[in-house]
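Participant: My questions will all concern the structure given below.
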Amino acid sequence: MAAHILSGRPVVESLHARIQQVLARRAPHQGPPTLTVLLPNDPSAQAYARAIRKQFTTLSLNYRTEEIDDTLDESRFAILLKRLAEDESVTGILALQPLPKGVSRRSLARLMPPTKDVDGVSFEQQGRLAIGSPWIAPSTPLGGLILLQHYGIEVAGRHAVVIGRSPVVGRPLALLLLARDATVTICHRRTPDLAKLTRQADLLFVAAGQPHLVKPDMVAPGAVVIDFGVSVRDGRLIGDVDPAVAEVASALTPVPGGTGPVTTAVLALNLLRLAGLLEENDLFPGAP
């Protein structure tokens, strides 16, 4: 039996409705929150920025860009972030990848002002997530779990296998899963016999950045598979999971149209948190 396809569209519609309810309750003197995107000269980043702009326009949220070039060094990057941190009209800041060559991810984590960190990259936000008290969680992994919640797929008590350990998806995803009472295994490029572990998963999350890495024989019958991968092959978007996995899994996110749109909607939710319009414990809207 073919897997149930976990489309991101109804999840986005539900999140948009939640966001519009929150915005409708804000005080009369409060304007809409404003996101500033640090935009490199990179086609993938620019495509993502357009997707953000499209959703934010639909939601009547303010959106700005600051173009950054590859020659920007750490000192000038620090000046830019300091200026945005002091700008009262800026609610949140998002630094799109790739970063300038002179700016490391560690530098970004150190320099990003935590109170305007819309994607949970700062040391403070990462630390809060690590101790199980997140305020702003990275939008991609959080979006994946909100998607599961939307479709009524339980996380607690299940074995979740995560392929990928990046600081923006795999690692924070593992911490979020632990906070939701899953039993978590993390796999990466040095993991021996990857398929042996993936076949043990009730929930398989794939964020490896390798097109069609996961084949049907790597998935347990009835498993739920969440694909965070996005690559371009022959002019079309493909994920880290071979579409043939749909013949084995019970549920599977598509690429495109799965986790990607949900990620963007979660950025909007995070912006509302930074604006003080959502409670700290409202990490999973609608969750018990």
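The chain as shown is numbered from 1 upward.
Glycine is no exception: its Cβ is also placed from the backbone N, Cα and C atoms.
Straight out of Swiss-Prot:
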BINDING   GLY164, ARG165, SER166, VAL230  NADP(+) binding site
Participant: Neighbour count first, Cβ atoms within 10 Å, every protein chain included; then name which of GLY164, SER166, VAL230 tops the list of binding-site residues.
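Facilitator: Neighbour-count leader: GLY164.
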Participant: Relative to the Cβ position of ARG165 (NADP(+) binding site), how many further Cβ atoms are located within 10 Å?
Facilitator: 18
Participant: So, three-state DSSP: helix, strand or coil for ARG165 (NADP(+) binding site)?
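Facilitator: It is coil.
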